[in-house]
């Protein structure tokens, strides 16, 4: 059974202990217990999402070789390693091995974050992207950053300034009702580490740009604005405000 975004699947456990499993907007499966945990939750393995465009569709801004390696190798590795880590965690849970559960946390965070981040990233890009957002998102950007130009400059600066590998993000602070810019190291997921709901993520790991831009990260960041999918980001913004 294929689980769609926003749908719940009821899984029957022993003694009628049911579990609701929901696929979130970033493609990650989350489980919510309906009754006290008495058995391990059956689950589908994570899979590599298809790109909504061809590998060469973002040229000349991001070339096909980068996209192919980034998607089919790097993202695929995060997915595979996440499945392995979750299987080991399931075994540790069944054995009541708390030490093993704790030792698996870094692998779950790194590979789970890599899967979450990249699943968002692919949809944040489009061969028909670029320009500026419209509507509510643009109004919010002007309200929280003064102007689109200021926002673009700040997110670019934060992304350039990431030391080593990581991400630059535009997120939504639901408690304060405003947009915020943040940086996350390595594959740390934005919401899991800052509480901000991710809207736009810019991958500044070298594998995202080195084959085309070498070590000049600012050139990559200048180019990526030409393929930013504002329709996708506006949709994410509208969804998180509900």
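A Cβ is built for glycine as well, from the same backbone N, Cα and C atoms used for every other residue.
According to TrEMBL, the feature Mn(2+) binding site maps to 70, 118, 203, 207. Within 10 Å of the C-beta of residue 207 (Mn(2+) binding site) we count 13 further C-beta atoms, all protein chains included.
Per TrEMBL, domain 'Manganese/iron superoxide dismutase N-terminal' is recorded for 45-126. Residue counts for the domain 'Manganese/iron superoxide dismutase N-terminal' (45-126) under DSSP, split into helix (H, G, I), strand (E, B) and coil, are 58 helix, 1 strand, 23 coil.
Positions annotated as domain 'Manganese/iron superoxide dismutase C-terminal' by TrEMBL: 133-236.
Apart from 70, 118, 203, 207, the Mn(2+) site neighbourhood in this chain, defined by C-beta within 8 angstroms of the site C-beta centre, holds 71, 74, 75, 121, 205, 208. Confidence for the domain 'Manganese/iron superoxide dismutase C-terminal' (133-236), expressed as mean pLDDT, is 98.
Cβ packing within 10 Å was compared across the binding-site residues 70, 118, and the lowest neighbour count falls to 70.
Note: residue 203 (Mn(2+) binding site) has non-local neighbours 70, 117, 118, 121, 167, i.e. same-chain residues 6+ apart with C-beta under 8 A of its own C-beta.
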